[in-house]
Each structure stands twice: as structure tokens, then as C-alpha cells.
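Peer 1: Below, the features straight out of TrEMBL:
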type	residues	note
DOMAIN	46-298	domain 'G-protein coupled receptors family 1 profile'
TRANSMEM	30-53	transmembrane segment
TRANSMEM	65-91	transmembrane segment
TRANSMEM	103-125	transmembrane segment
TRANSMEM	146-168	transmembrane segment
TRANSMEM	202-231	transmembrane segment
TRANSMEM	243-266	transmembrane segment
TRANSMEM	278-300	transmembrane segment
């Protein structure tokens, strides 16, 4: 009796990958559309409303609100880069994604995440100048400099993230074409590669530590300066007012970095203790939760934005 031939364990670069969504959940993952669907809807409506308000109201054409508009545009792009595909996989089951489209998505997801981290740093510096040097703020922080900062952050993200898809594209053979994920994360694709992936692993680690680490240090330093300036104010009311101008930004920072840090730590150090479905769920939550929360935070806690939104909705209501 002859032995059945063993299937080949490797194959050439596939024309497409198959996304499975949250591994191990099967048909039950369709219920997660009730979580991620509203998140994406909030991202679209909330960030779209913020962008529309800043664009149409000339009184909001100030550096602080232009940075907020940059954050909203980044959030809108980041959520849209993964949410449609995620919802399709969760609702309809595994789906094919062309190889090139996978690399493009990889680039945009990681680049937009880097841009968002940089925008949060820019906003922290803006608040540090506003609180610490209020008389010099109009001179030091201008609309032109905000534009240059946004351009610089975009170029930086492109330069540092381009190696991700390029490092994957150099491989010709893969172990499988099924990705146990809901989007084309760099390391999720690298796990399928046949070959030496040390460069991919090292670059991913260094980039995560360098970009997030530098931005977090900058944000921490900015808030150190803010705290120093606030504590020097003579009255409790003045200190509360100065701190209040930063409270929205602090909430946004926590919404972005806390889930991200938790997701990163569980991926790097809890791979053998935290189940794979939890890794994937955290990864998707980290990318979709901040875009959904940020417009709510700024819409509620920023007086000018809150008043303007109330005026718009009151005006529309009176028309009916």
C-alpha cells in the first residue's frame, strides 16, 4: 500500500490572502458588528461634523482647532482604512483580499497611526505654549506653522512606514494564505512568511518604541511644563481654568495610548498566555475606539465647539 503524498508546506507568493476575522469565534463573530458598527458610525458622523464645523465657521480658524481638524481627518481616514473590511468579515465570513491591496492597507493603517500619535504631540506642544506663554502664543503658534507641522508629520509617517510593505514584498514563499486577523497588520502577514524575518521583527519593534516612545516623552514633557506653569498661577480659579483648557486633550491621549499600550504589551509579551482572539480583538478596538471617542470628547468638553454644534442643531430644529 503506497503512502499518500504529503501536501507541499510552502507555495509561491499568493495573488490574494484570506481574512478570517477574529480566530476561533466562527459565526459568533457576526455579533461583534453590533460593537464595531456603531463605533465606525460614530467615527463617520462625529469626525465629519467636526470637520464641517471648523471649515464653515471662520472664528474656529485658529491653530488649536486646525490641529483638532487634522486629528479628525486622521481619525476618519484610520477608521475607514479598516472598518469596512472588518465589518464585511465579521458579518459575511472569511473573504479574499488581493495581495497588493493587503500591502496598501498595511501601509495606510500604520502610517495613519503614526500621524495620529504625532498630532497628539503637536496638540500637547500647542497647549504648553498656550498655558506657559499666553502672551506670545499668537506669535509662536500660527496657522502657517500648524500647516507645516501637519505636512511634516505626514512626510515622517510615509518615510518610516514605507519599509513595512517593502520588507514583506521581498519574500517569494509563504506557509499559508489565510491571515487570522481582520486587517493586514504587518506582523500578521509576517507570520505566514517562509524565510528569515528578523529584519521585519526588529524594524517593527524599533519603530514602535521609537515613534510612540518619542511622542509619549514629548507629551509628558509638555504636560510637565504645563503643570509647572499652572502651579505658579496665583488663584485656584486661574489654575482650574488653565487646566480645563487641557482636559479634553488629556482624555484623547488616554483613549489613544492606553488601549494601544495594552494591545502592544499583550502582543509582545503575552503571546503564549493571552489567546489569539484577544490579541486580534484588542488590535481592532485600539484602532476604532479613539476615532469614535475623540469627537465626543472634544464636542462635549470644548466650549467653542460645543456652542457651535448646539447652534447648528438648534437652527436646524427651528426650521422644522
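Just so it is clear, glycine is given a Cβ too, placed from its N, Cα and C backbone atoms.
On a predicted model such as this, the values are computed, not experimentally measured, just so you know.
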Peer 1: Against which stretches of its own chain does the transmembrane segment (146-168) lie, if we need a Cβ under 8 Å and a gap of at least six residues from its ends?
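Peer 2: Distant contacts of the transmembrane segment (146-168): 63, 66-67, 70, 103-104, 106-107, 110-112, 114-115, 118-119, 122, 186, 189-190, 193, 199-200, 203-204, 207, 211.
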Peer 1: Decide whether the stretches the transmembrane segment (30-53) and the transmembrane segment (278-300) have at least 3 CB pairs under 8 angstroms, with pairs required to be 6 or more apart in sequence.
Peer 2: yes
Peer 1: Take the C-beta pairs under 8 A between the transmembrane segment (65-91) and each of 202-231, 243-266, 278-300. Which stretch has the highest count?
Peer 2: 278-300
Peer 1: Are there residues at least 6 beyond the ends of the transmembrane segment (243-266) whose Cβ is under 8 Å from a Cβ of it, and what are they?
Peer 2: 71, 116-117, 120, 123-124, 127, 130-131, 208, 212, 216, 219, 223, 226, 230, 274, 278-279, 282-283, 285-286, 289-290, 293-294, 297-298, 301-302
